[in-house]
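TrEMBL has this to say about the protein:
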type: BINDING; residues: Arg44, Gln45, Ala46, Gly47, Arg48, Asp93, Tyr168, Ser223, His343; note: substrate binding site
type: DOMAIN; residues: 39-48; note: domain 'Uroporphyrinogen decarboxylase (URO-D)'
type: DOMAIN; residues: 156-172; note: domain 'Uroporphyrinogen decarboxylase (URO-D)'
type: SITE; residues: Asp93; note: site 'Transition state stabilizer'
Amino acid sequence: MMSPSAQTPSPAARAHRRRDLSGAPFLVAARGGRPDRLPVWFMRQAGRSLPEYRALREGVQMLDACFEPELLAEITTQPVRRHGVDAAILFSDIVVPLRAAGLDIDIVAGTGPVVAEPVRSEGAIAALPRLDPGQVAPVAEGVRLLVDSLGDVPLIGFAGAPFTLASYLIEGGPSRNHEHTKALMHSEPALWHALADRLADTALTFLRAQIDAGVDAVQLFDSWAGALSLRDYREFVLPHSAKVLAGVAEAGIPRIHFGVGTGELLPAMREAGADVVGVDWRIPLDEAVRRFTAHAPDAPPPVVQGNLDPALLLGSWSVVESEVRRIVGEGRAAAGHIVNLGHGVLPGTDPEVLTRVVELVHSL
Ligand SMILES: Cc1c2[nH]c(c1CCC(=O)O)Cc1[nH]c(c(CCC(=O)O)c1C)Cc1[nH]c(c(CCC(=O)O)c1C)Cc1[nH]c(c(C)c1CCC(=O)O)C2
């Protein structure tokens, strides 16, 4: 058995490990092209909707699973094998880098991330541990296993954006109104910016580790940004998300930026530096394109991802089919369209329905 250093190529060598999948439909569309078939994948495609996921996770804590290379690689691969999607997304979580850095944060099943001590003071922010790339080495190892095993299916890495991460830390767990976060943002802006900047650095370190290990694209999840006004988003959030997206630009791989309830924020989210913007189900894709173009007429034509309402997958197939056809039609207004849901797969979703959506999209 070679020593780890002999097995682990240098970051430069690892960066060259990236597969040449430039012809893959997901990457062609992400770069604003028209592939020979419409690409489709699903946010949270790995997860409790799959019996094989539930079997594998039996008795394994969520965050422990995220630090076991072979396990996270298998979980990532399950939806690719079952549905024939055009991209894999790394099985991880937005709180993984915080846990890796030593923060006392956990995931409560059915609820989400919970921190022992909400982060609301200058001292608590200063005490936040900084992430060392070595602390996410098991995730990077999982990426390398996937790069070697996924064949021509691109692998998407991801991180949580500063605002969404900050909300979990400040609120102490999931929050409907993010009131403590907004209060701190407005009453102690210097403190807010210090926290958001620290979280931007954490996201950057986590993404760079995934990129060096060979992911083909990255997605920045700012899931809860839709809670903000455009004014607050631009003042308090955009600069920090922009730091993350700019920080990974040199890798030359597509950067997807996504949030929920972001209809008013979409042009600003693209301005933050995204190559692709993920759109939720509340706004038609052609309307989203109109907003991008109105906001930045001289920018390159936008690439969009989405935007089927995940809840519809639990209803009748005839509705799903007509909605997918509508979304594909509206997506033609963009330079490139990656079909996806408008948010993650809901746990009670029948996996067969997801497979049928892939077949339908590939037939259009
Ligand atoms: C907000 C957010 C989180 N984590 C994430 C986000 C942004 C994506 C989104 O908005 O849906 C990122 C994430 N977390 C997970 C994925 C799936 C990755 C993949 O499909 O391979 C993704 C993309 C695994 C997970 N992360 C989590 C699960 C459920 C854990 C389980 O299996 O019990 C999974 C599969 C836990 C988690 N983690 C988080 C929440 C809110 C929850 C609870 C979800 C629930 O219980 O309904 C925080």
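Any Cβ shown, glycine's included, is placed from N, Cα and C.
Curation plays no part in TrEMBL annotations; they are all automatic predictions.
What you see is a predicted model, and the numbers here were worked out from it, not measured in a lab.
The structure, with features from TrEMBL marked on it.
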| residue | record | Cβ contacts under 8 Å, 6 or more apart |
| --- | --- | --- |
| Arg44 | substrate binding site | Gly344, Val345 |
| Ala46 | substrate binding site | Tyr53, Ile75, Thr76, Gln78, Pro79, Ile89, Phe91 |
| Arg48 | substrate binding site | Arg54, Pro347 |
| Asp93 | site 'Transition state stabilizer' | Met62, Leu63, Cys66, Ile107, Pro113 |
| Tyr168 | substrate binding site | Val95, Ile105, Gly112, Pro113, Val115, Pro174 |
| His343 | substrate binding site | Met43, Ser223, Val260, Asp280, Trp281, Pro310 |
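Outside the domain 'Uroporphyrinogen decarboxylase (URO-D)' (156-172) by six or more residues, the chain places 41, 87-90, 92, 94-95, 97-98, 103, 105, 112-115, 117-120, 128, 143, 178-181, 184, 192, 195-197, 199-200, 202-203, 206-207, 210-211, 215-225, 227-228, 236-237, 240-241, 244, 256-257, 259 with a CB less than 8 A from a CB of the stretch. On the 0 to 100 pLDDT scale, the domain 'Uroporphyrinogen decarboxylase (URO-D)' (39-48) averages 96 in the predicted structure.
Tyr168 (substrate binding site) falls within a helix when secondary structure is assigned with DSSP. For ligand 1, the neighbouring binding-site residues among Arg44, Ala46, Tyr168 are Arg44, Ala46, by Cβ distance under 6 Å. Residue counts for the domain 'Uroporphyrinogen decarboxylase (URO-D)' (39-48) by DSSP state, with H, G and I taken as helix and E and B as strand, are 0 helix, 1 strand, 9 coil.
The record assigns Arg44, Gln45, Ala46, Gly47, Arg48, Asp93, Tyr168, Ser223, His343 to the substrate binding site, and the maximum Cα to Cα distance across that set is 23 Å.
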